[in-house]
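A short worksheet on the structure shown next.
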Amino acid sequence: MTLVIKGARPYGEGEPVDVLVEDGVITSIGSVKVPEGAEVLDAAGQVLLPGFVDLHTHLREPGREDTETIDSGSAAAALGGYTAVFAMANTDPVADNALVTDHVWRRGQEVGLVDVHPVGAVTVGLNGAKLAELGTMAKGTAGVRVFSDDGVCVADPLLMRRALEYSTALDAVIAQHAEEPRLTVGAQAHEGEQASRLGYPGWPASAEESIVARDCLLALHANARLHVCHVSTAGTVDVLRWAKDRGTKVSAEVTPHHLLLTDDRLDTYDPVNKVNPPLRTGRDAEKLRAALAEGVVDCVATDHAPHAPQDKDTEWNAARPGMLGLQTALSVVVETMVKTGLLDWRGVARVLSERPAEIGNLPDHGRRIAVGEPANLALVDPDAEWTVRGAELASIAANTPYEGMRLPGVVTATVLRGRITAREGKIR
Amino acid sequence: MKHLLATDGLDAETATAVLDTADELKHTLLGREVKKLPTLRGRTVITLFYENSTRTRVSFEIAGKWMSADVVNVSASSSSVNKGESLRDTALTLAAAGADCVIVRHPASGAAHRLSGWLAEAGTSVVNAGDGTHEHPTQALLDAATLRERLGSLKDRRIAIVGDVVHSRVARSNIHLLHTLGAEVVLVAPPTLLPVGVEKLPVTVSHDLDAELPAVDAVMMLRVQAERMYGGFFPSAREYSISYGLSERRQALLPDHAVVLHPGPMLRGMEIAHAVADSPASAVTEQVRNGVHVRMAVLYHLLASEGAAA
Ligand SMILES: [Zn+2]
C-alpha cells in the first residue's frame, strides 16, 4: 500500500514537502514522484503532525453501548486526528482482568481505525480495596501498560503505595484520578464564589492537590511512575513542579475543557457543563495553559466521556459528569494554545502525540516525521474553522459543551500505519 | 414576571410590586369570613414536592385556593431522582395535563431553572419553592413583607442573618433580596458555616453575635439541620448555642424596635431561647401568616396580571 501526502508542512515549518509512505513506513520526504497506483492526499497549506494519542478515553464498551462503542469511539478518534487511544477501565464489567482488557484490545484491532489500548483497573471492581491482577493484564494480548481506577481515586495511601511499587516490575504507570473522597462528599462544582452563589456543594481544589502531593511522595519513595489524570487546578501545577524538581517520575495531563472552559458557564445549570474534576476558575485555566506550554503538565488528554440524554438532560445533581472530547481536542488546543502563541505546531505534536505516547509506552506512535518512522499521522488545516454540532459528531452520545461554537483548526485526514482512516470529516 | 426562580437578579421594582400586592391582599382579606377571591378561577396550580415540607406546601396550597385556583398536590420521593424517574418527564406530563403554574421543591440546586426550560414551550410558569442549597425566594419575600410591616422601609436597615448560611437557601435568597431592597446584611456564623467566596456577596461577616446585636434592626435566625451537628461543622450543639444561639441575655442587647425572625421549624433552646421565640419581638407567626399573602401575590403576578406587572 502506497500513499503520497503532497505539499504539507511537517510541524508547520519550512517549505511544503511530499511524504511517501510505503507499507506503513515513511520512505521518502521531499519532492516525490507519485508511484503508479499510489493514493494521493493533496495537503497544500496544511500542517502534518504525528497522529494524536489520547491517554484518557471512555469508550463505554462493554456495558454502555447505547452511548459509545469501540466502533463509534474509534471513528470519533480517527476524525479527531488520533491514531491511538487508551480506553479507561470503568466499563461494565470493569476492565480489571485480562479477559476484558484483551477483548477491548481485540475489538479495537477489528475496527482498525485507531489502536485501542485498554487501561487496566488498579483495584478489583474499582473498589479501592484489593489490587487487580495487574501482571496478568500486562502479560495478556493487550499488553496493558497503564493502570487506573479513573472515575474514582485510589484513596487508600497504603494501597496506592503498593500499586506504585508493584507496577515498577511491569514497566507500567499508575494513572490517578486525584480526588480525596472525604473532601468531595456531595460535591457538584468547583468550590468557590460561583458554586456558593448557585448553591452547589463545592469540590475544593485542595481535594485534588492533596492527593497529587501525597502520590508524588509515594511515587518518589517507590521509584515508580505516576501519571496524574486531568489536572484542573493552579495549585496542582505548583505541586507537580515541586515534585518534578525533586526527580519524581510523575507526568500529568490536562483536558481541553479545563484549558478553555471555566465555572462561569454554570449559570444555566445545564449539566452539559458538569464534569469531574469540575470546571475551575479563569485563573486556574490560565495557569494550566502556561504549565502545558512549559511542560510542567506533559500532555493533553480528552477525558472523552459520552453520556446518554437521560443521564445529561436532567437536574444538575442527577446528571453524570463528563463531556465528549475526541473530535474537538485539536481545535480547543489551537484556540487556547496556538492562537495565544503559547505553543507552535511542534509543541502541539509534543502535547497531543509524543508525550502521551511516551507516557503510555507506545513505541509506534508519537514518532518524529522522518524517513524510517511508522506513518501514524494527522493532517490539519490551520486556517479553517468549523461549527461544532453534537449530533453530527461520530459518537453515539452528543454531550458536547461546544455546541454551536465556532472553533479553529480542522483535522482533514488521519493516517494509521500508512492507511487513511479519516479524510475530510469522513471515515474511510 | 414569567417565573419566580430566585431573588438573585430580581429587581427592586418587581419585588416591591409583589410586596405591595401582598399588602393589598392582606387588607382585602382582613376580617373576611370567606377568604376567597375569584382572581385565578380556572387556572391550575400544581405543587411538585420532592422534599417534605408541610409548612411551605400548605402555604402555597392555601394561597392558590384563596384565589380560586385549582390546586393539585404532587409529591414525589427524592429517592426517585436517583432511580431514573426523570424530573424532565414529570415536567412534560404536568405541562400536558394543563398546568398553568408548577411550584417545585427539589433537593437539587437549579432544579427550578431546569424545569422552567423544559416547560418553556408549554408556557407554564415555575415558582421555586426551595432548590437544594440554592434559593427559596418566596421565603425571602415573606421575610421582607414581615420586616416592612414591623420596620417600615428596609432602606438602610441592618439585618443580621445568623447560623448555617452555607447550606441555607433561605439565607441566599434573603441576602440578595434584602440588598436589593436597600438593607445592609451582616452574616454571623462560624467559618465552617459560611460559603466560600462570601466576601464577594453584598454582606459583611462576623463571628461575634454579641458585638453585632446592639446595631441591628432585625435578627434572622437560621435553622441548623441535625446532620450538621455531627458533620464536624461545629463541635457540639452546646457550643453552637453558647456562641450563636439567641438567648434571653442576647435579646437584651438588641435595640427595642428590633425584630426576631426564624423560618422554622425552630430548635428551641439551641438556636433560639423559648422565651425569645414567644416574645413580642418575635415575628415568627407573622412570617407564617404573611407567607400566604406573599404567595398569593406571587401567583397573581405570574398568572393574573399578564402584561400588567413586569
Ligand atoms: Zn477521572
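Glycine residues also receive a Cβ, built from the backbone N, Cα and C atoms like all the rest.
Because TrEMBL annotations are produced automatically, they should be read as predictions rather than curated entries.
Note that the structure is predicted; figures quoted are calculated from it, not measured.
TrEMBL lists A:H56, A:H58, A:D150 as Zn(2+) 1-binding residues, and of the candidates A:D270, A:D284, A:D298, A:D303 the one it assigns to that same site is A:D303. Binding of substrate is attributed by TrEMBL to A:H58, A:L59, A:R60, A:N276, A:H307, A:P321, A:G322, and the same site annotation extends, among A:N90, A:N97, to A:N90. Record check: TrEMBL places A:D150, A:H230 at the Zn(2+) 2 site, and the matching candidate among A:H177, A:H221 is A:H177. The maximum pairwise C-alpha distance among A:H58, A:L59, A:R60, A:N90, A:N276, A:H307, A:P321, A:G322, the residues recorded as binding substrate, is 17 Å.
Predicted-model confidence for the domain 'Dihydroorotase catalytic' (A:45-233) is 97, expressed as mean pLDDT. The Cβ of A:H230 (Zn(2+) 2 binding site) lies under 8 Å from the Cβ of A:H56, A:H177, A:E253, A:V254, A:T255, A:H258, A:P277, A:A301, A:D303, each of which sits 6+ residues away along the same chain. Note on proximity: of the binding-site residues A:L59, A:R60, A:N90, A:N276, A:G322, the one nearest A:D150 (Zn(2+) 1 binding site) is A:N90, by Cα distance.
Proximity note: of the listed binding-site residues (A:N90, A:N276, A:P321), A:N90 have a CA within 10 Å of the CA of A:H58 (Zn(2+) 1 binding site), given in sequence order. Of all the recorded positions listed here (A:D150, A:D303), it is A:D150 whose C-beta has the fewest other C-beta atoms within 10 angstroms. Within the set of binding-site residues A:H56, A:R60, A:N90, A:D150, A:H177, A:D150, A:H177 have a CB atom less than 6 Å from some atom of ligand 1. Other C-beta atoms found within 10 angstroms of the C-beta of A:G322 (substrate binding site) number 24, with every protein chain shown included.
A:R60 (substrate binding site) falls within neither a helix nor a strand when secondary structure is assigned with DSSP, and so counts as coil.
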